[in-house]
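Quick look at what TrEMBL lists:
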{"type": "DOMAIN", "residues": "33-114", "note": "domain 'G-protein coupled receptors family 2 profile 1'"}
{"type": "DOMAIN", "residues": "131-381", "note": "domain 'G-protein coupled receptors family 2 profile 2'"}
{"type": "TRANSMEM", "residues": "133-156", "note": "transmembrane segment"}
{"type": "TRANSMEM", "residues": "168-189", "note": "transmembrane segment"}
{"type": "TRANSMEM", "residues": "219-237", "note": "transmembrane segment"}
{"type": "TRANSMEM", "residues": "244-264", "note": "transmembrane segment"}
{"type": "TRANSMEM", "residues": "284-304", "note": "transmembrane segment"}
{"type": "TRANSMEM", "residues": "332-353", "note": "transmembrane segment"}
{"type": "TRANSMEM", "residues": "359-380", "note": "transmembrane segment"}
Amino acid sequence: CPASSCLPFPPPKVRATHPDCSIVLYFHEQEAECLEIIRRESQTPARPGQQGCLTEWDGVSCWSAVPVGQSRAVACPNILHVFKKTEALIWRNCTESGWSFPSPPYYNACEVEAIGSNNDTEAKASYFVTMKVLYTCGYSTSLAALFLAIGIFSCFRKLHCTRNSIHIHFFTSFILRGAAVFIKDAILFSDESINHCTMSTVNCKAAITFFQYSVLANFYWLLVEGMYLQTLLLLTFTSDKRYICWYILIGWGVPMLTVCVWVVTRLQYDNHGCWDDYTSLYWWIIKAPILLAVFVNFLIFLNVTRMLAQKIWSPDISKNYKHQYMRLTKSTLLLIPLFGVHYVVFALFPEHIGVDVRLYFELVLGSYQGFLVALLYCFLNGEVQAEIKRNWGKWQSSMESNVFNLVTQDFAA
């Protein structure tokens, strides 16, 4: 029988990437190992006259085969933050009628960590519902702002340049990230009757793969923005279209290559569950490139800040250029928190530490990053504002001219 249904006590919830999955996955792994032993024993012919109890999985522990009249002892399950450490042993005797009942029973020998009262459970459920509402509002706001920003950059011909083309790719990566969160929630958590801990469908794996790709692309387009900002300063604000192909290759190509390697590795060596277990060592295939992008971005922004400071205080620079440099300095300092500083901090700690804070930064605050980027690069951009005002003035003049023509025609008639 399944491990979750054979437990002599209800499985407690623990803190992990998915708080309710750790204990379920632990027992599934133990059960799989025990069933493999049972399969090998069934293929080995028994010796004549030899009687005993065969290896058995009781839903909690694996009892190895022993002859009749002998006993076997096992320790309590070793699950961090679920069972308290104890030296107590559970015994079973092998009789002529089979295995005896565990003595002492699991619920007496294995003491469970305090998991809180019903009020605590209800409070946590309410907390996660609130979190979902907050990040849903955040991603919805960001998506609306990003689509509007892309429309503005695309509609006005004077805004067509390498810089704004990179911004559009950057906005698109945020759109993909927001869409990936909604798709993942819809597939993994839309039906409460489905156990997402053991879900292993093609749809859920595809959703997680798309989510990982969008996250990687988002970080690497952040890297491209930093690289382009440094290029602007080195080329004295002269954009070079020759670099755009390399930027696209870095922003979309590197994440695609990384995700392909990760997918092949998971299919070959770790193809279980829905691939959303961040405790797997193969998670570093995704994590390491992100940390590399964040680290390079940090170095770029240190260099950009140094270059801007030199240009601002240089007596050879005109006031007009100094104003442009000051504007870039402000944008740079505002964008530093967006370049994954919190990701580096959390990467230094195990996944089960600081889950609430991690969720708040990655889901709630992270959901509004797209809106903030659209605000900085588009809505507060003086060039964009001037172009909108100019076209708005032309439209008003055109409307007034049309009205005047209509009035004149009526008067002449």
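First residue shown is number 1, and so on along the chain.
Each residue, glycine too, has its Cβ placed from N, Cα and C.
TrEMBL: automatically predicted annotations, no manual curation.
Pairs of Cβ atoms less than 8 Å apart link the transmembrane segment (133-156) most often to 359-380, out of 168-189, 219-237, 359-380. Within the model, the domain 'G-protein coupled receptors family 2 profile 2' (131-381) shows a mean pLDDT value of 81, rounded to a whole number.
Across the range of the domain 'G-protein coupled receptors family 2 profile 1' (33-114), the DSSP-based residue counts are 14 helix, 25 strand, 43 coil.
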